[in-house]
Structure formats: C-alpha cells, structure tokens
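Colleague: Handing you this structure, nothing more for now.
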Amino acid sequence: GAKKKAVCPGLGLFYTILSAFLFSLASLFLKKIEDVHSVEVSAFRCVFQMAFVLPGLIYYKTGFLGPKGKRIFLFLRGFLGSTAMVLLYYAYQVMPLADATVITFTSPVFTSLLAWIFLKEKYSLWDLLFTLFAITGVVLIARPPFLFGSRVTGIEGSYSNHLKGTIAAIASTLSAASTIVILRKVGKSVHYFLSIWYYAVIGLIGCVIALFVMNEWRLPHCGRDRVFLILIGLLGLGGQIFLTKALQIEKAGPVSIMRTMDVVFAFILQALFLNHLPTWWTVGGALCVVASSCGTAIRKWRHSVKKAKEREI
C-alpha cells in the first residue's frame, strides 16, 4: 500500500505558536481602535466567521440547523461563545492587554470544574489545587482594595474600569469554559463548521440588537480604525484556522501548553507598542495562571495517553 506522508515533527506546535501570535496581534489592534464599541468589533468578527464557514457548510452538505436533538446545544454554544467574545473584547479595551490575556487562561481550570459538575467527569485534589492557583492569579491581577489598599498602581485609567474589565474577563472565561463543556456533550455528532456557524449567526444577531439598544452602531470615523477592524477579523480567523490545524496533527496536551505563548506575546506587544510595562503583581498572577493551566493540560494529556494504552491492551 501507499506509505502515509509523514508529518513534519513539531509542525503542530509551530501552528500553535503562529495561532497565538495572530490572536495577540488581533488583541493589540483592538487596543489601538479608538472610536468603536467592543460589541461592534464582535459583530464584524462574526461577519468574517460567517463568510468563512458558509462555503464549508455548502461543501459538506451539513445544513444550517443541525440535527433536531442537538439544536438546543448548538444554540447555547453560539450564545455563550459569542457572549465570551464580546466580554473579552470589552476587557481588552478597558484594562491592560497582558492582564486580560492572563485571566482568559484560567479557562482550562474552570472547564475541569464545570465538566465535573455537569458531565460527572473526575475532579481530583490536583484539579482543586490548580483552581486555587488560578483564582490566586486573578486576585493578583485584580488587586481588590480591601486586600491591597486604596492606592492601586499599574492599571489603565481608573480602578473602576480595571475592575469592570476584570469581571468581564472572568465572565468571558466562564462562558468559554461552558462552551467547551457543551461541545463535549455534543461530541462528534455535529460538524465543526456547523458549530462555528451557530456561533457567528447568533453572535451577529445579538450584537446588532445590542448595538441598536445602546445606540452605538456607527462606522468608525477614522480610516485607520476601519483597517484595524478588517485586520482583527482576518487575524482572528487565521488564528482559529492554525489552532484547528494544530489540534488535527498534534495531541491536545502539548497544544494547550504551547498556547500559553499568548501570554508571552501579550507582555511583549504591550511593552513595545502600548508603552505599558506590566507590574510585578501582573507577572506573579501570570505565573500562577500559567502554572495552573499547564498543570491541568499535562494531567489531561497523561490521562488520555493512559486510556489509549489501556484500549490497546
């Protein structure tokens, strides 16, 4: 028979790093936009997602609604996923880029917790320890006055906006973790493109309604902001594609660990282009969150390898 073409060693990890870089660049351009609401940015991102997914739906003949028994899960996936995107974009706009990025990396820890609650997956003392590490990291970034005093340094603007951004980032992380739990529940019975389609359509509808209610819908006045909007859509789409390709040719554990490069890129881009050096509190919070995220990924990776060996036996 024909020999299977060998995959270049480390290609999946390279795709992961490239994906992290593209996502970080999109976040940087979001920070550079001056006159566009985060909900409007999310609406533009949804339009790009729909334009990418529509040909795939037609090619694979998946339909636009999905199996009857799975539609409620697809709706929840779309609603929670788009909510996570809007909240994350808001957090990027009102707080330091590195702080918001670090908080999003608590997602694997909260995913394990929600999977234990709703899917009855195993939750060990190690998982509890990683959860506590993640919460400690978020506290170091938020720096509530009742713990750190009234003089909080190293934030953008007022502490009120910093706190709002922190709450939005945490809510975004919880929504993203809930989305992953729903996708696990659905399993492989629904095509990947259909899942993204629901995410984009429901997100676009929700964003348009919210923009009209808030009276925030308007094209940016500056031509530079329009270019940034297009770049955010393209970079976000490119990051998603490379992350998907990485997961197709590499195990989920190494990919999850390598995704922490998002944090590294966020620190570098923030220092180079936003002239905002992270505080030691942020660095300490980042170490706690990255440690908990990597620990969770390594445990799940080892568990999956163990189960694969047991099936072979």
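Cβ atoms are placed via backbone N, Cα and C, with glycine included.
Sharing the feature lines straight out of TrEMBL:
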DOMAIN    11-142  domain 'EamA'
DOMAIN    164-294  domain 'EamA'
TRANSMEM  12-30  transmembrane segment
TRANSMEM  42-60  transmembrane segment
TRANSMEM  72-92  transmembrane segment
TRANSMEM  98-119  transmembrane segment
TRANSMEM  126-146  transmembrane segment
TRANSMEM  166-184  transmembrane segment
TRANSMEM  196-214  transmembrane segment
TRANSMEM  226-244  transmembrane segment
TRANSMEM  256-274  transmembrane segment
TRANSMEM  280-298  transmembrane segment
Colleague: Going through 12-30, 42-60, 280-298 one by one, which has the most CB pairs that fall under 8 Å from the transmembrane segment (196-214)?
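Modeller: Looking at each of 12-30, 42-60, 280-298 in turn, the most contacts to the transmembrane segment (196-214) are made by 42-60.
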Colleague: Is the transmembrane segment (280-298) close to the transmembrane segment (126-146), in the sense of at least 3 CB pairs under 8 angstroms with a sequence gap of 6 or more?
Modeller: yes
Colleague: Could you pull out which residues elsewhere in the chain have a CB under 8 Å from any CB of the transmembrane segment (166-184), counting only those six or more residues past its ends?
Modeller: 73, 76-77, 80-81, 83-85, 87-88, 90-91, 94-95, 99-100, 103-104, 106-108, 110-111, 113-115, 118-119, 138, 141-142, 195
Colleague: Please average pLDDT over the domain 'EamA' (164-294) for the predicted structure.
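Modeller: Mean per-residue confidence for the domain 'EamA' (164-294): 83 out of 100.
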Colleague: For the transmembrane segment (72-92), could you work out the same-chain residues 6 or more beyond its ends whose Cβ comes under 8 Å from its Cβ atoms?
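Modeller: Beyond its ends, the transmembrane segment (72-92) has Cβ neighbours at 27, 30-31, 38-39, 41-42, 45-46, 66, 100, 103-104, 164-166, 168-169, 171-173, 175-176, 178-179, 182-183, 185-186, 190, 194-195, 198-203, 206-207, 210.
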Colleague: Hey, would you say the transmembrane segment (256-274) packs against the transmembrane segment (42-60), going by three or more CB pairs under 8 A that are 6+ residues apart?
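Modeller: As far as Cβ distances go (cut-off 8 Å, pairs 6 or more apart), the transmembrane segment (256-274) and the transmembrane segment (42-60) do not touch.
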